[in-house]
């Protein structure tokens, strides 16, 4: 693998992508997990940096529990979810003594930990590092971005929204954040776009539909696609199973896989 010229623990990481959302509860961590799995199935080595201080849920989604985090000469060793070491994870959830513990920290302590997380994880060779961020546009986002930029070029961000106006309105502010910080917007994904019936597989729009695509048009952003509410995906996430491997013929798999392929094309041909 061709190495990046810049130093530090990100030297052998080819591409860095942030996953952002204007508000909580839109499925950002779920889509981070599923995109990582789709990229792994495409033959890529993938890492996930879970810096969502308020809700580090990806360890559960990938069924890795709370492993002991080891250290090497270069820093923390990420947790690998498979024997082939094709999917690596480092989560703030690994450092909490009690999974029910609330992170009640002031800004400086949060930003210091994020800085340490970004710089001190020994990722090794990765094709793509996905960074799952907290919702909103806060000090944590600036800390993630500033610390990443010290070590590596950030390819850009994927913005996650749901179809309703209350969600797309928050994503508008996220777009403003990206523009102010010089962060390239790789595209917008509309999550929870319709509900897939578990009996007949018909998709019904229980929320509104098309808000993400309309927002992409209004802001000149790329629309990466929509992902429906799918009970099969929900069950897979709850049980820590690989949805993409378990249900390869589902329409939801096709949607996630299409977004992953578009992302790959975008970062490989900026």
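Including glycine, each Cβ sits where the backbone N, Cα and C put it.
Listed in TrEMBL:
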| type | residues | note |
| --- | --- | --- |
| BINDING | 22, 23, 24, 25, 26, 27, 28, 29 | ATP binding site |
| BINDING | 197, 200 | [4Fe-4S] cluster binding site |
Margin query: Using the alpha carbons only, what distance in Å do you get between residue 197 ([4Fe-4S] cluster binding site) and residue 27 (ATP binding site) once rounded?
Written below: 19
Check: 26, 197, 200: which of these binding-site residues has the highest Cβ count within 10 Å of its own Cβ?
Finding: 26
Notebook entry, point to check: Across all protein chains in the structure, which of the binding-site residues 22, 24, 25, 27 has the highest Cβ count within 10 Å?
Noted result: 22
Note to self: Distance check, please: Cα of residue 27 (ATP binding site) against Cα of residue 200 ([4Fe-4S] cluster binding site), rounded to an integer number of angstrom.
What the structure shows: 24
Next item on the list: Give me the Cα-Cα distance between residue 26 (ATP binding site) and residue 200 ([4Fe-4S] cluster binding site), rounded to a whole Å.
Entry: 25
Notebook entry, point to check: Counting only residues 6+ apart in the same chain, whose Cβ is under 8 Å from the Cβ of residue 28 (ATP binding site)?
Noted result: 19, 20, 21, 52, 132, 133, 135, 160
Next item on the list: In whole Å, note down how far the CA of residue 200 ([4Fe-4S] cluster binding site) lies from the CA of residue 24 (ATP binding site).
Entry: 30
Item checked: Those residues of the chain, 6+ apart, with a Cβ under 8 Å from that of residue 29 (ATP binding site) -> 50, 52, 55, 57, 58, 61, 132
Note to self: Cα-Cα, whole number of Å: residue 200 ([4Fe-4S] cluster binding site) versus residue 25 (ATP binding site)?
What the structure shows: 27
